[in-house]
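Novice: Annotations per TrEMBL:
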{"type": "BINDING", "residues": "Thr13, Ala14, Asn15, Gly159, Gly160, Thr161, Glu207, Met208, Ile209, Lys210, Gly287, Gly288, Ser289, Leu290", "note": "ATP binding site"}
Amino acid sequence: MFANEEIGIDLGTANILIYSKSKGMLLNEPSVVAYNTDTKSVIAVGEEAKQMVGKTPRNVIPVRPLKDGVIADFDMTTQMLKILLKKAGKSSGLSIRKPTVVVCTPSGSTSVERRAIENAVKSYGAKQVHLIEEPIAAAIGADLPVDEPVANVIVDIGGGTSEVAIISFGGVVSSNSVRSGGDMIDEEIATYVRKHYNILIGVRTAEMIKMEIGYAPVEHEEKTMDVRGRDMVTGLPKTIQLSSTEVQEALREILSQLLETIRTTLESCPPELSGDIVDRGIVLTGGGSLLNGLQEWLSNEIVVPVHMAPNPLESVAIGTGRSLKMIKKLQKANR
Ligand SMILES: Nc1ncnc2c1ncn2[C@@H]1O[C@H](COP(=O)(O)OP(=O)(O)O)[C@@H](O)[C@H]1O
Ligand SMILES: [Mg+2]
């Protein structure tokens with residue numbers, strides 16, 4: 001009955017999303033697994049596991065199996081994927097039987113890993129499994145005309161990596177990837193607080209600081225936030241007040257790396273496509289692109305227009321779910 005169901009899976013380093021072409025978004029959860037080292041079993045996945053980060057007893061470890069944009073722990077990745085697929089099926093009230101699935105894997109994954117992901121999804125009952133490159137999925141999800149002979153530039157700022165890609169005619173013309181994604185931004189904030197206040201904070205706190213008072217280098221009305229951590233000298237909990245100007249300072253270096261990567265990619269663009277980029281500009285996507293002031297800052301720094309994707313956290317999943325038609329077209333063209 002659901003034989004024609006088309007499912008897209010965004011296997012992101014920070015979040016996993018499952019999208020059905022007919023039902024919309026079925027699932028959106030952090031890519032985290034809580035693992036019991038004594039019993040060697042998975043205790044929780046997704047949101048439930050993320051809540052445990054930094055708070056678990058010694059025998060339970062939270063794992064981010066896709067951290068840094070590569071499949072760092074393959075077994076864990078497939079276990080997590082299977083549990084989440086089951087959950088998506090249940091919550092949507094439809095048994096996703098024999099669907100056609102398109103999976104978007106992190107760009108750092110090897111062909112062996114990709115094949116293994118494909119098999120894991122197949123073993124779950126998919127009729128057909130296709131893989132798609134992340135920037136192409138993101139571009140489709142952001143409603144860009146990827147199959148036309150015009151240059152589309154996608155800047156995808158994810159958890160583990162940021163990727164800049166120029167796409168034309170359904171393929172990646174040139175791309176660059178850097179490790180400065182959202183995770184690294186969180187780490188920079190934690191480092192700043194440690195250096196300037198002698199306070200240790202966890203990655204979850206750092207992420208909250210980023211979302212609330214993190215700013216790209218643009219003028220803004222200063223905000224402050226109370227931050228709790230552990231005093232490195234006394235070992236006791238302590239609360240400090242952190243300002244958005246300080247966080248801005250902490251992020252300066254890492255954001256300039258991102259800017260360099262964008263510049264380098266644009267400079268490597270074939271001349272025939274350069275004109276398109278000047279007219280059409282670049283599109284920001286991925287959760288990291290939601291950083292306050294980022295669009296404004298990039299617009300000031302690079303000469304081309306900078307647009308936001310309509311739904312940065314979801315574009316890859318949506319694009320993946322909608323990509324089947326194009327994948328078939330491309331397969332035909334490449335035959
Ligand atoms: N409002 C926000 N401001 C800044 N960063 C954000 C915001 N919302 C989400 N993020 C960051 O986006 C990253 C996750 O983006 P996502 O595109 O889901 O990554 P991935 O594709 O690697 O799974 C995380 O580092 C998260 O902290
Ligand atoms: Mg992503």
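From the backbone N, Cα and C atoms, a Cβ is placed for every residue, glycine too.
Buried or exposed, and what's around them? Tell me for each listed feature.
Specialist: The Cβ of Asn15 (ATP binding site) lies under 8 Å from the Cβ of Asn28, Glu29, Pro30, Ser31, Gly159, Gly287, Leu313, each on the same chain and at least six residues away in sequence. Annotation note: Asn15 (ATP binding site) sits in a strand segment as assigned by DSSP.
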Novice: I'd like the Cβ neighbour count for Glu207 (ATP binding site), meaning other Cβ atoms within 10 Å of its Cβ, all protein chains included.
Specialist: 20
Novice: Quick one: which of the binding-site residues (Ile209, Gly287, Ser289) have their CB closer than 6 Å to ligand 1?
Specialist: Gly287
Novice: Cβ-Cβ under 8 Å from Ser289 (ATP binding site), same chain, 6 or more residues apart: which ones?
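Specialist: In sequence order, Val155, Asp156, Ile157, Gln295, Met308, Ala309, Pro312 meet the Cβ cut-off.
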